[in-house]
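This report refers to the structure that appears directly beneath it.
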Amino acid sequence: QISRMFGTVVVGVGIAGLARIRDLMNPMPSSPSEHLKLFGFVSRRSFGNINEAKQISLEDALRNKDIHAAFISTENRSHEETIRMFLEAGKHVLVEYPMALSAKAAHELWELAEQKDKVLHVEHIELLTEEYKQLKKEVAGKDLVKGTLHFTGSVLDENKSGFPAFSGIARLTWLIDLFGDLTVTSATREKQKDKNYSRMTVHFQTTNKKPLTWIEERGPGMRREKKINFCFTSGCLENFPEAPRSSVGLFMQDQNLFAKKLLGQVSKEELAAEKWRILRCLDLAEVIQQYCEEPEKIYS
């Protein structure tokens, strides 16, 4: 029996937005997602309908009492403003990471959600991949000596996606989730404008004073790839463990988690741990950006 239904709207119809529309229209049978009902979508471009979903205006989405939740899939730069509008309008919010491009904004939005007693859920599909779940099992209980996570990918428009520490926060989330709290010891960034190339290198320390390095590298034609080298007292892990294919898509897993929160089925402890992790990663992203943007220190 389906008791509470939550009317939802998808804002932004890029790759993620289209996946959201698809998953909302085809919820997993007898999963929490069956409590979500897609009302329509909002886009700056004019579509009319996508499959059975109808396009509605932003004003309608904010005003309509039958819409209880918004899925925000716009470009990173506009997340903050869009989250704020929907929370102010008394709606629950699911947003793709990063939730904002500054730590201050993220903390303010979280406070606003708590004031309004609304769920603010930040998508972290990178923690839901089978590859990552296997990696986490593999790392559990081992003593880190040192490690590196190196990501490569194609060029991003930074005006839309933000500084690499924010657009690449999925990698930072991995490191925090695997190894606990981290401190930034240094961070630098190399840019070759003419080649459209960028490489950010961040050095961290774990609470046990062990070194971790995160490299975020992007350039034309670079393959989207993650390389790991984690050394433990028991030996080094240089390849991802074999992982099965999941039968449930990542966005659907995330959507189920959001629905569980709306239904009050996630424990206070889990919610608190997640809030800490999300805000901590955004705080660190900001510290990294400050390090990278500091003018070179000149020692006379």
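Glycine too: its Cβ is placed from the backbone N, Cα and C atoms.
These features come from TrEMBL:
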- 7-124: domain 'Gfo/Idh/MocA-like oxidoreductase N-terminal' (DOMAIN)
- Val13, Gly14, Ile15, Ala16, Ser43, Arg44, Arg45, Tyr97: NADP(+) binding site (BINDING)
- 132-244: domain 'Biliverdin reductase catalytic' (DOMAIN)
- Cys281, Cys292: Zn(2+) binding site (BINDING)
Nearest-integer angstrom distance between the alpha carbons (Cα) of Arg44 (NADP(+) binding site) and Cys292 (Zn(2+) binding site): 34
Residues in the domain 'Biliverdin reductase catalytic' (132-244) grouped by DSSP into helix, strand and remaining coil: 30 helix, 50 strand, 33 coil
Rounded to the nearest Å - Cα separation of Cys281 (Zn(2+) binding site) and Ser43 (NADP(+) binding site): 29
Fewest Cβ neighbours within 10 Å, where candidates are the binding-site residues Ile15, Ala16, Cys281: Ile15
Per-residue Cβ crowding (10 Å cut-off), top of binding-site residues Val13, Cys292: Val13
Euclidean distance between Cα atoms of Cys292 (Zn(2+) binding site) and Ile15 (NADP(+) binding site), Å: 30
Residue pair Tyr97 (NADP(+) binding site), Cys292 (Zn(2+) binding site) - Cα distance, angstrom, rounded: 21
Pairwise C-alpha maximum, in angstrom, for the residues (Val13, Gly14, Ile15, Ala16, Ser43, Arg44, Arg45, Tyr97) that bind NADP(+) according to the record: 22
Alpha-carbon distance [Cys292 (Zn(2+) binding site); Val13 (NADP(+) binding site)] in Å: 32
Which of Gly14, Tyr97, the listed binding-site residues, has fewest other Cβ atoms within 10 Å: Gly14
Cys292 (Zn(2+) binding site) versus Ser43 (NADP(+) binding site) - Cα distance in angstrom: 34
The one of Arg44, Arg45 whose CB sees the fewest other CB atoms within 10 Å, among these binding-site residues: Arg45
For Ser43 (NADP(+) binding site), the number of other Cβ atoms found within 10 Å of its own Cβ: 18
